Amino acid sequence: MPETFITSKMKTTTGVIIEADKVADLETKEGSTLTKQTDGVVKYNLANFHLQRILNNNTRNKSIALLGCFPEQSDTAKAVVIFEKQAFRESEVATESDQSGKQLLEKNCEDHVNKTSPMSYFCSDLKVQTEFINDIYGSYQCVPPVELSGVKATVVYPASQKHIEKYTVCQKYIISETPELYEEITLPYISTSQHSLEWVYNILDHKQEVERIVYEDPDPETGFILLPDLKWDGRTLETLYLLVITHKRGIKSLRDLNAHHLPLLRNIRSRAAEAIEKRYGLLSAQLRMYLHYQPSFYHLHIHINPIRNDAPGIWCEKSHMLDMVINNLELIENYYQKATLPFVLHEGNELLEQYELKMSIRRAPKHLSEKYNEKDETSSSKKLKLDDINISEVVSK
C-alpha cells in the first residue's frame, strides 16, 4: 500500500478529480484533445472548460461551483467544476529562526501525510503590499509563493441534473419522514432514481482508486474500505476527510440498519480509528464518524473527519453520529425502521415534488400573504415611528 496520497489524478466512472497545481503537467502528458479511454473514464482539458453559469459562490467555504461544458468533448454534456481555496497547513507558517517551531513541526502529525520539506509563507518569494498602518495595527495584501497558491478543482463530468441540483444554491426544506412515508414515497423514489453505484463497486472490486486505499478489511460481512473522500485535497491534515465504504452490499441507508449490523458498525468504529491513528496520528477522540440521511448515494458509507474541522454536511438535520447509531440499535434492534427521521430537500428535487403531492410543504405562511396583500397606505400607517416609542419603557424591559 502506498505511503503517499498526493495524487494528481483520482479516477471514478462519474468523473475525474484533478488538483489544480497538477493540471499543467496533466495537460502536457495527455494533450489538448482528450477522449474517453478504454477504462471508461472521460478525459478532458480543464483549461478548455466553457462557463455557462455560476451555480454557487460560497464565501464562507471559499469555494465556487460552476456549470459549463468541455466543447472538445461535447456541446451538450454538462460539467460541474468546483474551485476551492485550501485551508492553511501549520507547516506552511514555520520560520527558519523558530527552532521550537521546527521541533513542533517534526512532531506534528501532519508528517503522516506529507514527508517532504514544507514551503513557508515567510520567505523571500512572499510579495507584500501595504494597505495602511495605524498605531499597532497594519493591513496588507500578500501574494504567497506559487507552491502555496494552489486551488483544488473538483470536476463532475458528465454531470446529471441531480449533480447540478446538488451544487446549486436554492431554497431548502426539512421533511419529517415517518416509517410509513419512507415506504410510500422515499423508498420507491430511491429505488428508481438513485445515482449509479458503478463507481462504488469499482472501488470495492479494486478496479479503480486502488492506490488511494488507506485501509481495507476484506471480510464480506463486516469488512470495509477506508479511503480519502473527494472533498479532501490529500495533503492538509486539518481538513482530513475520509470515507468508509462497506463490502456488504444491499444496505442502502440508515433506514436499513438493524441489530444484525452491529458487528459491522462496531468493526468500522474500532478498525477505522486504529488505521487513522497509525497513518495520520489522530486519536479516536479527535474524530467525528457519522452517516448522512438522506445520503448522496445509496450504499452504506460513513464519513470521518477531525472534530476541529467544520466539514460540510455535519449539521444536525443531516448527520447521525456512528456512536449514537450503534447505541440506538443496542437499545431497540429495529430502531431505524420505527423512527421518524428528518432530512433536507432542496428546491427542484424530484423527491420534494413527490412529497408535495402528499402534503403541503412550500406554501407561503398565511400571515405573510395577508400582510403583503395589504394596501401600501395601510402598511405605511402601521410603521413605527421613533417619536411614538417610550424609550424608558423599552430600556426597563
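Please read every residue number as a count from 1 along the shown chain.
Each residue, glycine too, has its Cβ placed from N, Cα and C.
Other Cβ atoms within 10 Å of the Cβ of ILE302 (substrate binding site) number 22 in total over all chains. What TrEMBL lists as substrate binding site is TRP199, GLU209, ASP229, LYS231, 292-303.
Just so you know, the Cβ of HIS301 (active site, nucleophile) picks up 21 other Cβ atoms within 10 Å once every protein chain is counted. Sequence annotations record features per position, and here TrEMBL assigns active site, nucleophile to HIS301.
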Top Cα neighbour of HIS301 (active site, nucleophile) in the set of binding-site residues TRP199, ASP229, HIS292, GLN294: HIS292
Neighbourhood of GLN294 (substrate binding site) by C-beta distance under 8 A, where only residues 6 or more apart in the same chain count: THR186, ILE190, SER253, PHE343, LEU351
